[in-house]
Amino acid sequence: MADGDSGSERGGGGPGSFQPAPRGGGGPGGEQETQELASKRLDIQNKRFYLDVKQNAKGRFLKIAEVGAGGSKSRLTLSMAVAAEFRDSLGDFIEHYAQLGPSSPEQLAAGAEEGGGPRRALKSEFLVRENRKYYLDLKENQRGRFLRIRQTVNRGGGGFGGGPGPGGLQSGQTIALPAQGLIEFRDALAKLIDDYGGEDDELAGGPGGGAGGPGGGLYGELPEGTSITVDSKRFFFDVGCNKYGVFLRVSEVKPSYRNAITVPFKAWGKFGGAFCRYADEMKEIQERQRDKLYERRGGGSGGGDESEGEEVDED
C-alpha cells in the first residue's frame, strides 16, 4: 500500500479516532503487500497528525504523517523498536517543556529580527537505528514552541516502509509537533505500541512468522526490552530477531550522543559471564581497598591503646 493510501489519510475517522484494521491477507500476493493494522488521528492546533501501524514482509512499523492547513504532507517511518525509544524520548521532552518559563518579550523580539525563524534548540536528542537517524529538537519562534522531528536515511536497502530500491538515498523528512500537543501525541503513540508493538510479527520480521522462515519465526516470543539510568546516561536493551537469529542491541544514550552494539544470542552467556566476573573482581578490589584504609586509620589509635594498657599492668 502506498503512503498516500493510508486509511486514516483517506479521511477515515474524526479527530482522536482509533481504527483497528483487518489483519488478513490482501488477496493474491498479499504477504508482500503492506497491511494497515491500526490508525490514529490527532488534531493539534491547525495541523492533523496520523499514526498508522503497518506491516509488510519485512516487519511491523509505524508511519507518522503531518498534514498542514494547506494540505502539505510530511511523513516519518519508524520500526516498532524505534517507536518505543521515541515514546521514551517524548517523555523527556515533556518534562523539559513543563519546566520552561514563558518566553520573554526580548527573546521574541530577537526572533522577529532574525526573520521569525526558530531560535536555537531548547533541547535536542537523536536516535540512530540501522540506516536511519532521527533528530529531535525542541525549538521556539513567534508562533510558539514546537518539537521538530527530522528523519534521514543513509544509503542502503529499502527500510520497513519500502521507498527507494537498494542503494537509493531518501531525502530527509521533517514534521513539527506543537509543544502543547506533546502529551496527547505521546499517549496515542504509547497506546499503539502497547497494542501492536510486542507481538510475534514485529519481532519475527514478517507477517505470520512461520516456523523456520527467513524472518526467524521459530521464536514466537522474545524478552521485552528494558532500560536503566546511570547518572546522565541511559542504557537500552532491546531483543530482536532477523534472518541471522536472535540478538540483543545495547544502546548507550547521553544528551550529546548515542552509541549501540549488537550481541548475537550465542554470545550472551559469555557476555554475562564476563560482566559477572568483573563485578565480582571489582567488589573484591573495593573491599581490599576499604580494609587497607581502615587499617591505616586504625593503626595509630590501636597502638596507643596497647601502650596505655601496658602502663596500667605495670602499675
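Using the three backbone atoms N, Cα and C, a Cβ is placed for every residue, glycine included.
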Q) Which of the listed positions, Ser17, Ser301, does Swiss-Prot note as phosphoserine? A) Ser301
Q.
Cα-Cα, whole number of Å: Arg297 (omega-N-methylarginine) versus Thr34 (phosphothreonine)?
A. 71
Q. What are the DSSP helix, strand and coil residue counts for the compositional bias 'Basic and acidic residues' (288-298)?
A. 11 helix, 0 strand, 0 coil
Q. How many Å separate the Cα atoms of Thr34 (phosphothreonine) and Lys270 (N6-acetyllysine)?
A. 39
Q.
Is it possible to get the count of other C-beta atoms within 10 angstroms of the C-beta of Arg297 (omega-N-methylarginine)?
A. 10
